[in-house]
Amino acid sequence: MFYLCLKPLLSRDKPTRDKSSTLLTPEGQSPSGQEVIVQEKTEENVMATGELNINHYPARRAAQVVQHYLNTRYGSPYRLLQLHKVHRGNAEDVADSGRKYELEISVQELNGNTTDKCSAEILFPRGEQQRSPQVQASCEEPLKINTKAQEEALYQQYKMNSGLLSAQHLPDSYGHIEPDMKPFWHLSIVAASFVMLNESSENTLYNMAQVANITQLATENDQLKFDSHILLHEMVSQEIIHWKLLFTWSPPDGVKVLQMEQLPHRHEGEKPLNTN
């Protein structure tokens, strides 16, 4: 058993999102293995209280926040955790604090297709400024698959390389990622999970869309350091949101996001900026 708690990262103003419903499809997955999400409209404008329908958007969105949280803690180039199923959900208003969700879910390790049951509490704070959700989660048997050897081999390869990694468009327009680039796609999803967790509310549903570019930076310490430009898909508003991230990774320390900056909105068809 393990027990985790995350405090809010940032406070910021954020526009209110459309409260349309989003449901997970039973089939189809993105290149990361994450389930494809399809938007559906709903006339329900008031958040449900009490026992939740596990197939409706309030439970699904709260569970997605837990997925982001677990990936910030345990994700790696060879381990990503994905929401597998919501088994039970309950929601209540907590005085002036906000709105609390209690969930029983199962998550899946993508590389090994193993599942683990988790209990979680998610508090979406209430206030004029949108703040990050507070998450507590406990899982029965976390991290069943040992990826230490793979992670150490990858770390040594890119720590000792005379040239620095540089890649673009993960995945490409056909959804393809070269096998040797998949660890860096996964690593970018872990880094992006810090942003998705920080930006989440009851009215959002974030997924990773693409790494526009990622560049390894020279460093004198024991961390691998990366500058990246990522694209997030906010499923409720259907926005593609661009972020610039500076993060480090090593097997013992995991991913540490040093800087995150939302980039200006660009119209469809406009080429991504070179942020390296």
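Just so you know, glycine gets a Cβ as well, placed from its N, Cα and C.
Taken from TrEMBL, the feature region 'Disordered' covers 15-35.
The compositional bias 'Polar residues' feature in TrEMBL is assigned to 21-33.
What TrEMBL lists as domain 'Cystatin LXN-type' is 48-147 (among others).
Look at TrEMBL and you will find 166-271 (among others) tagged as domain 'Cystatin LXN-type'. The predicted model assigns the domain 'Cystatin LXN-type' (166-271) a mean pLDDT of 94.
According to DSSP, the secondary structure content of the domain 'Cystatin LXN-type' (48-147) in residues is 18 helix, 50 strand, 32 coil.
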